[in-house]
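To start, the structure itself, in structure tokens.
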Amino acid sequence: WATIDECEETCNVTFKTCCGPPGDWQCVEACPV
């Protein structure tokens, strides 16, 4: 997703979280450390 807001809108319903460089947010189980 382009923005974390867009990502969270989609990911929060699946109980996942958003990680990634700005402009390329991904929906993941957990952020890599």
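The backbone N, Cα and C atoms fix where each Cβ goes, glycine too.
Under the three-state DSSP scheme, W1 (6'-bromotryptophan) falls in the coil class. Taken from Swiss-Prot, the feature 6'-bromotryptophan applies to W1, supported by experimental evidence.
Annotation for E6 (4-carboxyglutamate): same-chain Cβ neighbours under 8 Å, separated by at least 6 residues, are W25. Sequence annotations record features per position, and here Swiss-Prot assigns 4-carboxyglutamate to E6 (among others) based on experimental evidence.
The disulfide bond annotation in Swiss-Prot covers C7-C19 (among others) and rests on similarity to another entry. Within 10 Å of the C-beta of C7 (disulfide bond) there are 21 other C-beta atoms, taking all protein chains into account.
According to its DSSP assignment, E8 (4-carboxyglutamate) is helical. As annotated by Swiss-Prot, 4-carboxyglutamate applies to E8 (among others), with the evidence given as experimental evidence.
Taking Cβ-Cβ distances under 8 Å and a sequence gap of 6 or more within the same chain, E9 (4-carboxyglutamate) has no neighbours at all. Sequence annotations record features per position, and here Swiss-Prot assigns 4-carboxyglutamate to E9 (among others) based on experimental evidence.
Marked as disulfide bond by Swiss-Prot on the basis of similarity to another entry: C11-C27 (among others). Cβ neighbour count for C27 (disulfide bond) (all protein chains, 10 Å cutoff from its Cβ): 16.
C18 (disulfide bond) carries a strand DSSP state (E or B). Among the features that Swiss-Prot reports, disulfide bond is placed at C18-C31 (among others).
Here Swiss-Prot flags P21 (among others) as 4-hydroxyproline. For P21 (4-hydroxyproline), no same-chain residue that is 6 or more apart in sequence has a Cβ closer than 8 Å to its Cβ.
According to Swiss-Prot, the feature 4-hydroxyproline maps to P22 (among others), an assignment based on experimental evidence. Less than 8 angstroms from the CB of P22 (4-hydroxyproline) sit I4, each of them six or more residues away in the same chain.
Per Swiss-Prot, the feature 4-carboxyglutamate maps to E29 (among others); the stated evidence is experimental evidence. For E29 (4-carboxyglutamate), the same-chain residues 6+ apart in sequence whose C-beta sits under 8 angstroms from its C-beta are K16, T17.
Between W1 (6'-bromotryptophan) and E8 (4-carboxyglutamate), the C-alpha separation comes to 9 Å. The Cβ of C31 (disulfide bond) lies under 8 Å from the Cβ of T17, C19, each of which sits 6+ residues away along the same chain. Packing around W1 (6'-bromotryptophan) is summarised by its Cβ count: 17 other Cβ atoms lie within 10 angstroms of its Cβ, all protein chains included.
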